[in-house]
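Enquirer: Please find one structure pasted underneath; my questions will follow.
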């Protein structure tokens, strides 16, 4: 086991604070509408330019192990806030730095760290209650656009795109962000259910220009296993031909003789047909087939339930108004499913979302809800260069997360004002002893840090701005850093999601409390450098006489 280096007391805390400051100072320059960019070197390709706090934090690794521990703890604040709220990472970092700085000063002055922590926790819970109480619901897409604009560092176009996407697919719909190959940023909405499986043979194509298979008023056969032979299906196929309607087969696979027979039938014009593989794998495939069955009013033909292909009748098939299939995707529009059954299925999946602990599973379940309930919108981010596209995509991701948070828990005054207004809930609050009171005072001071930093990044004196805002009795009075004027922040359209502000404060206070109560730090001792190799041995002289 490697030897350890142990630091105690003031020495440990000073080293840790240096690390905290290095990371926080790099992150906080991005805060606010006039926040600056950070350029990050990459081991390959062009450097990355970003204004996203968590992206900056993730890149920082310090050579001094003790300083690095402090930096990693604050990185944890940014990561947790990003995971919970999807935005507000820079605010959380600024708050954490402010609480840690003031807290360590108090510890150095001889106060009890545990009482300071209790005071900080007490004050934080009071302010969080005040933020929740001040939140009001998002009323229209104009407010959604404003939240998106603020989170995208003041780019109104990004806010508008997100509002448009949310309007089209609803609050439950899935909105994904992709890089566009062109210069323009655009929103594309996929109505109905889309899954990532294309046609099994290009011979199924009906529109040769677009290379798509388009089927109208179509029957859908959902089969859980592979189809190798069509012999058991002959009665069903004859019934479909009689109905003169097209048929889509969705199965684990359609192979060999079965696929060849379908293609020959299609080419001869006897049967309008197409076949695609079922989406997903394993249990997820079964669940998605069941989703499609409920959406189209059909049944999944499953051997687990004792169903055989030869016994399938035409009324066991699903129906849809239109199906469009290209080489990569299948889209089912206007399925024939019963609305009550679809709603029940959505409620069932939502319960699974509540219960799951896996982020990946949660994301996949949310996609399934969206496909059943709303639809899917894709925001394609364009730009002149790859670096610009990546930087804008970061901001669109942030803005999208912020608007989702706003829809969930409502909005509060933006620009750091909500924290200062929340701080007024601490007036008259006292702890059980003077050290706890000091903890409450630390939080009260720290709440001004984001507003001060926003003003500072805009080239204005942060102390003056914070003083003016603090003295005002109007709850929505603040400083608009974009236009450098004071007034009603709601009228300026400077608003933040309550969830983002609340999460930033909770996570910052939680990690800061841990750092303040640290008394010892342990890290691996640096390996001693091995001595450089000695000079090469000379030739062995003086042995001429030896034969």
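A Cβ is built for glycine as well, from the same backbone N, Cα and C atoms used for every other residue.
Summarising the annotation, Swiss-Prot assigns ATP binding site to 30, 31, 32, 33, 51, 87, 88, 89, 90, 91, 415, 496 and lists sequence analysis as the type of evidence. What Swiss-Prot lists as compositional bias 'Gly residues' is 533-547. Per Swiss-Prot, region 'Disordered' is recorded for 525-547.
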Enquirer: Out of these binding-site residues, 30, 90, which one has the fewest other C-beta atoms within 10 Å of its own C-beta?
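Expert: Relative to the other binding-site residues in 30, 90, 30 has the fewest Cβ atoms within 10 Å.
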Enquirer: Using DSSP and three states only, what is residue 415 (ATP binding site)?
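Expert: Coil, per DSSP.
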Enquirer: Using a 10 Å cut-off, grab the number of neighbouring Cβ atoms around the Cβ of residue 51 (ATP binding site), all chains included.
Expert: 21
Enquirer: If H, G and I count as helix, E and B as strand, and all else as coil, what does DSSP give for residue 88 (ATP binding site)?
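Expert: It is coil.
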Enquirer: Measuring CB to CB from residue 415 (ATP binding site), give everything in the same chain under 8 Å that is also at least six residues away in sequence.
Expert: 32, 451, 454, 478, 479, 480, 481, 489, 494, 496
